[in-house]
Amino acid sequence: MVREFPLYHPQPDVAAAAYGAALHLANVSVKAQGDGFVEGFNPILPGNFICQKTRQPSHPFGIFYGDNPLSYSFPLMLLEISFVVIATRLVRFVLKPFRQPRIVAEILGGIIVGPSVLGRSKKFTSFLFPQNADFMVKNIGIMGFMYFLFVSGVKMDLTLITKTGKKHIWISVASMLFPMGFILAIGFLLRNSMDKDMANVSSIGAVASSVSITAFPVLYPLLKELNLLSSEVGRMALATSVVSDAIGINALVAFEASKQTEAQSKDAGWYVLSMVFVLALLVAIRKVMQWLVYKARDGKPVDQAYIVFIILGALSMGFVTDMFGLAIGNGPMWLGLVIPDGPPLGSTLVERTETIATEILMPFSFAFIGMYTDVSSVAFVWPTLKPLVAMVITGYVTKIISTCLACLYFKIPMRDSLALSLTLSLRGQVELLLFIHWMDKQILHPSYFTMMVLLTTMITAICTPLISLLYDPTKPYMLSKRRTIQHTAPGTDLRILLVIQDQESVSGLVNLLEASNPTSATPFSITALCLIELVGRANPVFIDHQKQSQVPAQYGACLTIHNALGFYQETRSECVKLQSYTAVTPRRTMYQDICEQALLHKSTLILLPFADDVAVDGGAAAVAGGSDRRSGVRSVNSLVLSHAPCTVGIFVDKGYLRNPLVTASFGHAPHHFAVLFLGGADAREALAYADRMLGNPEVSLTVVRFLSFNGEGDSEMEKKLDDGVVTWFWVKNEANERVIYREVVVRNGAETVAAIQAINDNSFDLWIVGREQGINPVLLEGLSDWTENLHELGIIGDYVGATDFGGSASVLVIQQQILREQVTNGRP
C-alpha cells in the first residue's frame, strides 16, 4: 500500500515562485475511487482537479492493430521492471571501480530514474512513469523493503545479545549515547529556525535515533560485500549492531507512542494495546516455527506448503502492523526474528526469498526513493534545511569519534578502531524506509526527505572506501617468520591444520597423515577445522568441540567427522594430538577462518582437500547437507594459497593411497611415492615433506629432478638453493634402499610431460610436487594453455592429477609459505 505523503507548506516569507518550484515533485495524487476515475488534488492551485481514466484493458490487441502497448497497464509494468533493474545494474557497474557498495549505486540509480535527472523530462515521465501507473512502482518498492527486512530478521540471531561481552556493549552504548546527546542539544538550540513539524520533540528525537543507531539489516550485507564477516572488525561490528538494534526497536516503539500522544493522549494507550496483541501473535507464531523445526529434525526438508505460507505471512504481518499504526516494515521484520535461523527452516526461507527480494523487488524500492528525491528543490528551501544538516553531520562526526575513543579505551589498535567506527556509521535500507515513514507521519517534507537521502548516501559512499583502505583482514596472515616444513627443526612436532569440507575427504586425509610418519620422536599436533557454508543466518558460528559438547542440531553432521578423527587420535595417542573445531561461515570468507586458525595454532602446514569434478558430479555430500560446488571449493583453496601464514598442501585423493595390489617387491615397502622436483621454493618444500615420510618404514620414494638443457632459463639463486637441498637429501639417504634418485634433462614443457608419462607405470601411490614458486619457465613452456586448475594445483600438479593422466595415484601439491617480504617485492 502506498500512502500519498503530505505536502510541504512553506513559511510566509518564502517566495511563491520558489515554493512552487521546490514542490514540483510533491504534487502527489490523493486517490479516490469513483466510476473508473482518480481525482488528483494540487495544493498550489486550490480547487484545480485533474481527472484521469484508469480503467482500461490490461493487454493490447497488438501494434499491427494500431494499439500503443504503453497505453496498457501490464506491458507498461513489464517495461518499468526491465528499465529499473537495468538502470540500477548499470550504475553498479560504473561505480564498482570506485569501491562503492551496492547500496550507494542503487540509491543513485533510483535518483537518476526520479525527477532529479531523467524525471525532469516530461516526455520521459509521461512515457515510462505516467501518473496513472507510477503507483505500481511504489507498491512494489514497499514490498521490496518488507521482504528485505523479513530476510534480515530470519538471518538475525537474537541470542547473540546474551553472548556479547562487556566490551561490545560499552562500545555500542558509546556509539549511540554521545551522538544522540549532541544531536538533541543542537536540535533544541536551533529549534526556532526549524519548520513547525520538524521542531516537534518527537521529530528531533527521530533524527537523533536514526543517526546514532546502527541497523543490523544494513550492516550485514555491507560487511558481506567487503568480505569482513569473518574478520575481527566484522564480528565486533555485528555484535555491536545487534545490541544497537535491540535498543533501536524500543526507541522506535517509544517514538511511535509519543507521536500518537501528540494527537490525543488516549491514542497512546491504544497503541500499547496493539503492541501487546502483535507480541502475543508473534509468540504463538514462534511456537509453530519451533514445531516445524522439530518436525524436520531428521534432515527432512520443510514441506513446501509451510514455506509458501510463511512467505505470504510476511505480507500479512505488514498489513497487521500497518493497520495498528506500528509501521508497515515492523511486521515482516518481527516475523523474521521469531523464525529459527539456519537450517532447515531459516536457510530454506532465505534461499527461496532472497534473490527475488534483492534482485527484482529492491530496485523498485530505490526507484520509489528516487521518485521523491528532487535535488533541485533543496536550493529553494536551504535556510530551513540548515538545522537538519547541522544535526546530521554533527551526529555522524560525534559517532565516529566516540566509537573510536571507546575502542581505544579497550586497547583496540588505532586502525581497527577507526575501521570499526566507520563501519558502525554505514547507512542504508532501514534508514530509507524510516524516511518514508516519517513523510507519512508529517515529520519530513519532500525537501527534507531529499536532504536526508543525500546525507545517507554521502556518509556510506565516504566510509566504505575508507574502511577498505584502513583495514585489510588478510594482513595479519602474512608473516616474516618462517613456518615451513623445510625450516622445522628435527625432533619437533609438526603442526598441521586439517581443513575438511565434506565427509568423503576424511578417510583420504587420515591415510595421508598416517603415511606422513607421526611418531613419538616426530609427533603431529593436528588442528581439525570443519567448514560449513553459512546459509539462513547472518552471524558466523565457531564451535570449539573441546569446550562445547552440545552442538546445534542443524550442524550435527560435523560430529561424524570429528568422531572419526577422534578415533584416529585415540589409536595414535602417543604421537598425535588433536583439537577439533567447526566454523559456519560464508564461503567467500572461509579462507579467513582457515588462515586465522593457522595463525593462532602456529601451524606449519595447512592440508586442503581437492574436490574434483567426478566427486562433485557424483553427489558428494557436503557437511551442510548438499553437494559441494566445485567453483566454491576452488575459490577457497586459491584464496588460502594467496594468504596462508604457512606452507599449504592440496591433496587430490583418488582413493588408492592404501592400494592392496601394490606388492612389497620394491624395497620391501607397501607404499611407493614419487617426488617430481622441478626446482624452486615449492619443490624444496615438497622434498622436505617427502623426507619426513621416509621415516615410515612402509614408504619407498623415487625422486625425479628435472633440469633444463644447458641450464637455459635457470635462476642462479634458485639453482644454488635447489642444489643445496638435493645434496642434503642425497647425503642423508644415500644408503637407504627405499630411495631412488634420478635426473632428467629436458628442453621444453612437452619433453617434461613425456618424461613424467614415461615413469608412470602404475607403481606409485602418491605424486608429490611443488606448485609453482621458482620453477624454471623453460620446463613448463607450452603447457599453461592446457591447464584447468592452475590456481590450485599448478601446471604439473594439474597434469598428474587429471583423470586422463592414467594411473590411480593420488597427488599432493605443496606451496611453501609466502613471506611478507615476497609480497612487498611483488612476488606471488
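Cβ atoms are placed via backbone N, Cα and C, with glycine included.
Within the set 140-158, 672-690, the record from TrEMBL flags 140-158 under the feature transmembrane segment. Matching 103-120, 355-372, 553-570, 751-768 against TrEMBL, the residues noted as transmembrane segment span 103-120.
Residues of the same chain lying 6 or more positions beyond the ends of the transmembrane segment (170-190) and with a Cβ under 8 Å from any Cβ of it are 204-205, 207-209, 211-214, 236, 240-241, 243-244, 247, 386-387, 390-392, 394-396, 398-399, 401-403, 405-407, 410, 420-421, 424. Long-range contacts of the transmembrane segment (418-436) within its own chain (CB-CB distance under 8 A, at least 6 residues past either end) are made by residues 103, 107, 145, 148-149, 171, 175, 206, 210, 214-215, 217-219, 221-223, 228, 233-234, 236-237, 240-241, 244, 329, 362, 365-366, 368-369, 372, 396, 399-401, 403-404, 407, 412, 444, 449, 452-453, 456, 459-460, 463-464, 466-467, 470-471. The recorded stretches the transmembrane segment (103-120) and the transmembrane segment (448-471) share 3+ CB pairs below 8 A when only pairs 6 or more apart in sequence are counted, and are therefore in contact. Same-chain neighbours of the transmembrane segment (140-158): 1-2, 216-217, 220, 242, 245-246, 314-315, 318, 328-329, 331-337, 339, 341, 346, 349-350, 353-354, 356-358, 360-369, 429-430, 432-433, 436, 536-539, counting only residues six or more beyond its ends whose CB sits under 8 Å from a CB of the stretch. Under DSSP, residues within the domain 'Cation/H(+) antiporter C-terminal' (674-817) fall into helix, strand and coil as 67 helix, 33 strand, 44 coil. Listed by sequence, the residues of this chain that lie at least six past the ends of the transmembrane segment (448-471) yet keep a Cβ under 8 A from its Cβ atoms are 8, 98-101, 103-104, 107-108, 111, 195, 198, 222, 226, 228, 231, 233, 369, 372-375, 377-378, 385, 388-389, 392-393, 396, 415-416, 418-419, 422-423, 425-428, 431-432, 435, 438-439. For the transmembrane segment (235-256), the partner stretch with the highest count of Cβ pairs under 8 angstroms, out of 202-223, 268-285, 388-412, is 202-223.
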